[in-house]
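Feature annotations, reproduced from TrEMBL:
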{"type": "ACT_SITE", "residues": "B:196", "note": "active site, nucleophile"}
{"type": "BINDING", "residues": "B:159, B:185, B:196, B:277, B:400, B:405", "note": "substrate binding site"}
């Protein structure tokens with residue numbers, strides 16, 4: 001077992017049951033021994049499902065299948081089946097057939113059309129998925145279904161994660177409590193083999209699929225699309241959001257439900273960064289004053305993905321010159337003489353040079369914190385973006401250089 | 001002193017004197033103790049100078065100054081002065097003034113217009129350049145000028161380099177030998193603080209500046225723009241090419257001179273990768289069958305910059321799934337079922353899955369070599385590109401996390 005991330009939350013949160021969805025998990029022995037590795041979520045009729053997926057050109061068979069099924073008829077319920085240990089990615093036609101067999105078996109089990117069965121696989125790449133081990137335990141999964149099983153589901157989808165990830169919010173709408181509960185796995189947006197990101201969020205809100213999809217897409221851009229561990233992109237990233245319709249109805253954008261959903265997604269996204277491979281620092285990069293939001297995002301991601309910024313953080317070195325370098329290479333408009341940089345509230349550099357008030361000692365003391373905030377003001381316009389990352393440590397090298405040996 | 005890279009060439013090559021250019025180096029004490037840190041190259045009247053520079057938006061004062069001076073009047077000779085130890089980058093107006101003072105002093109020394117003095121600085125960022133230490137030793141430099149001093153110059157511009165870098169070719173044109181000799185410093189396209197790339201190439205060919213510039217730009221795209229250590233881009237990258245005009249004239253593209261110049265540039269580029277921070281593997285990534293050369297380059301650079309591919313190489317793990325991942329995230333068109341991957345001559349994956357003939361043992365044995373070749377055929381068109389990188393090791397983390405502590 002890998003050591004628990006020093007940035008892990010104190011405990012897995014107490015996730016509420018969401019009326020209209022039940023969960024089960026079991027040990028199918030896909031690859032791991034002595035742990036659960038398959039989870040099933042069954043959604044009652046009337047549930048709408050929205051999703052966003054990796055844009056990788058080599059995305060897995062399950063991802064392609066899910067994408068094609070979004071927006072289908074919600075009247076008959078739906079199922080989500082996920083296995084860990086094998087990603088079924090780059091497994092050719094055999095991979096497509098595994099997805100079809102699993103979907104067919106789950107459809108029979110739950111009396112659903114195959115078009116309402118969503119699957120995902122995470123784990124090693126390029127090895128044939130032993131789908132018979134999964135279909136063999138479907139009856140066990142069905143008999144174990146429970147409204148309280150979401151925590152078990154969170155554990156069953158883990159691969160190199162050092163802790164299960166969950167988040168919840170409840171808002172009152174039209175006098176009714178509307179609950180949102182989500183789980184995630186991932187040690188970053190990294191790796192096709194053991195660290196693909198999977199996220200499943202459930203709510204009892206009543207909401208039409210197109211509105212749910214629109215909300216999900218926009219909120220993803222401000223949460224999961226704002227995190228990076230190493231800039232590598234999974235072949236399997238999948239985020240599904242299911243609404244069972246048992247509580248109040250949502251008919252418009254921008255209200256408290258959307259805000260709460262955004263908070264759940266950001267919470268889960270931050271947990272993925274906190275479990276980034278080898279991470280010892282949680283780093284927020286806030287860019288302001290750019291020509292546009294897109295430029296601000298380009299700069300923020302350039303800083304967040306820079307190996308030199310990330311190794312400096314690992315070494316607790318207030319090496320602000322590397323931030324200047326990462327700003328410069330981002331491809332956004334920058335003017336050296338208007339640029340300022342902050343560590344937390346400490347003004348480090350302004351007007352193209354180190355700030356007169358800044359001392360290296362102050363910067364070095366700040367860098368010892370486990371949570372860092374790097375502020376970059378471009379001094380040009382009103383474009384802004386905030387992203388999150390972790391440091392790049394010896395442990396990252398160890399995990400990834402020695403993974404299969 | 002850092003340990004010599006295991007990928008270093010056996011020895012510094014024997015570089016020929018280039019008629020019309022003399023070199024000197026001295027210890028100015030900019031930052032380092034007990035070593036040379038300033039080099040001067042003086043070019044006779046009639047020399048043409050071409051250059052390419054970092055595209056960073058936060059490029060240094062010297063880079064901006066050089067860019068503005070290219071293509072000036074060649075009748076009166078030229079000078080190149082380079083210091084190591086301090087990059088004079090992000091030093092505000094004071095940095096611009098340092099450049100002006102150095103250029104003015106060199107111009108006086110060599111009886112040149114300031115517009116013909118090219119400078120570069122490499123080393124720590126954000127600290128004021130003590131330009132008085134450089135100008136104080138100009139007389140010493142002048143008295144030490146020698147046609148045979150290029151090796152000393154190569155040593156004076158080193159920072160974290162573990163070996164000086166030189167390359168040469170001679171071609172016969174119109175019955176005359178035309179010599180090309182170049183030097184470089186850099187541990188990758190990385191870091192604004194201790195690993196900026198500087199390259200100086202000299203030839204006795206007679207060639208007009210516009211043609212020299214055109215040749216240089218195209219050859220750079222096939223050499224220095226095809227290498228990466230960590231994807232970080234220097235604020236100081238500078239490549240100058242000077243032609244003294246003492247040998248045969250070159251009036252057209254595509255001949256043996258251009259071929260030899262390209263070979264010198266590729267040789268130097270490979271040496272920079274071989275001295276990549278912490279490198280233990282020299283990796284060539286050759287992409288073929290892409291929709292276009294641009295797409296092939298996108299895929300090759302995505303593989304070359306992937307931390308997961310690079311850590312797998314460090315761990316000698318034939319983890320071809322990570323190559324699939326890097327192809328997928330590149331943003332180029334890819335079809336899983338047409339993709340094939342090779343390690344050297346070993347066919348690893350084809351038609352969307354692992355090759356029937358491939359064995360993990362064969363892949364593992366291949367990965368033990370110090371020089372690796374990863375072949376990716378997209379199976380789509382005739383676009384091709386080859387790039388070079390090194391692996392990502394614990395030593396990279398150590399060098400960059402602990403650099404200033």
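Glycine too: its Cβ is placed from the backbone N, Cα and C atoms.
The structure, with features from TrEMBL marked on it.
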residue : record                 : CB count, 10 Å
B:159   : substrate binding site : 23
B:185   : substrate binding site : 28
B:277   : substrate binding site : 30
B:400   : substrate binding site : 31
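A distance below 8 A between C-beta atoms marks B:400 as the binding-site residues from B:159, B:185, B:277, B:400 lying next to chain A. The secondary structure of residue B:400 (substrate binding site), as reduced to three states from DSSP, is helical.
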